[in-house]
Amino acid sequence: MINLNLVLFGAPGAGKGTQAKFIVDKYGIPQISTGDILRVAVANKTKLGLEAKKFMDAGQLVPDEIVNGLVAERLAEKDCEKGFIMDGFPRNVAQAKVLDEILTKLGKQIEKVIALNVPDKDIIERITGRRTSKVTGKIYHIKFNPPVDEKPEDLVQRADDTEEVVVKRLETYHNQTAPVLDYYKVQNKVTEIDGTKKLEDITQDIFKILG
């Protein structure tokens, strides 16, 4: 079996995190998210972590060169030898090129790019329908998983689950991601999957691709 060096793409609410967990559980490879890498580096007070902390404490975005350095360090770790899933990176073509350079130095390359395709209208319905109970903390969906024992006044919508915010996030995702997918399509690495199917069917589609 080839090394499972994967990039997983999907808009917010496409089910990317859920599918990544299934891949991790089945193949025993780590899920690599830039957010997690940053948190660990800051907690461990590494050189790059301390640099990143200055920007995070100031409420600023951590510059690409620091993030790229942290990604390079993470991919060189032993648990990535048999593969990994990149989650939330690369977000743009510049980062995709840097990722290729990092992997080339490690004698690796991205083997497969999986894109979960879900129409925007479905994403909006999935996210804007989410409600959280102020009492129990449980998360519901007004259509797909409606609450039975909760009072309506106890259910709240998160600020970033409003339609206005979701539409903006989708615009950003499409503007950034379309060129990255094109970058990998030229390399013949992209497989697109229908993300509107049943959860288990999507998982099986992914497993068939990975072998």
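Counting starts with 1 at the first residue shown.
Cβ atoms here come from the backbone N, Cα and C positions, even for glycine.
Annotation source Swiss-Prot lists ATP binding site at GLY13, ALA14, GLY15, LYS16, GLY17, THR18, ARG130, ILE139, TYR140, LYS197, citing sequence analysis. Residues or ranges marked as AMP binding site in Swiss-Prot: THR34, ARG39, GLN60, LEU61, VAL62, GLY88, PHE89, PRO90, ARG91, GLN95, ARG158, ARG169. Here Swiss-Prot flags 33-62 as region 'NMP'. If you look up Swiss-Prot, you'll see 129-161 marked as region 'LID'.
Features per Swiss-Prot, on structure.
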| residue | record | contacts (Cβ under 8 Å, 6+ apart) |
| --- | --- | --- |
| GLY13 | ATP binding site | VAL118, ILE123, ARG126, ILE127, VAL166 |
| GLY15 | ATP binding site | LEU116, VAL118, GLY195, LEU199, ILE202 |
| GLY17 | ATP binding site | ASP87 |
| THR34 | AMP binding site | VAL67, LEU70, VAL71, GLY88, PHE89 |
| GLN60 | AMP binding site | none |
| VAL62 | AMP binding site | LEU38, ALA52, PHE55, MET56 |
| ARG91 | AMP binding site | GLN176, THR177, VAL180 |
| ARG130 | ATP binding site | ILE139, TYR140, HIS141, GLN157, ARG158, ASP161 |
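Of all Cβ atoms in the shown protein chains, 18 besides its own fall within 10 Å of the Cβ of TYR140 (ATP binding site). In the region 'LID' (129-161), helix, strand and coil residues by DSSP number 6 helix, 10 strand, 17 coil.
Across the residues of the region 'NMP' (33-62), the predicted structure has a mean pLDDT of 90. Considering other CB atoms within 10 Å as the measure, the emptiest surroundings among the binding-site residues PHE89, ARG158 are those of ARG158. In terms of DSSP secondary structure, the region 'NMP' (33-62) contains 21 helix, 1 strand, 8 coil.
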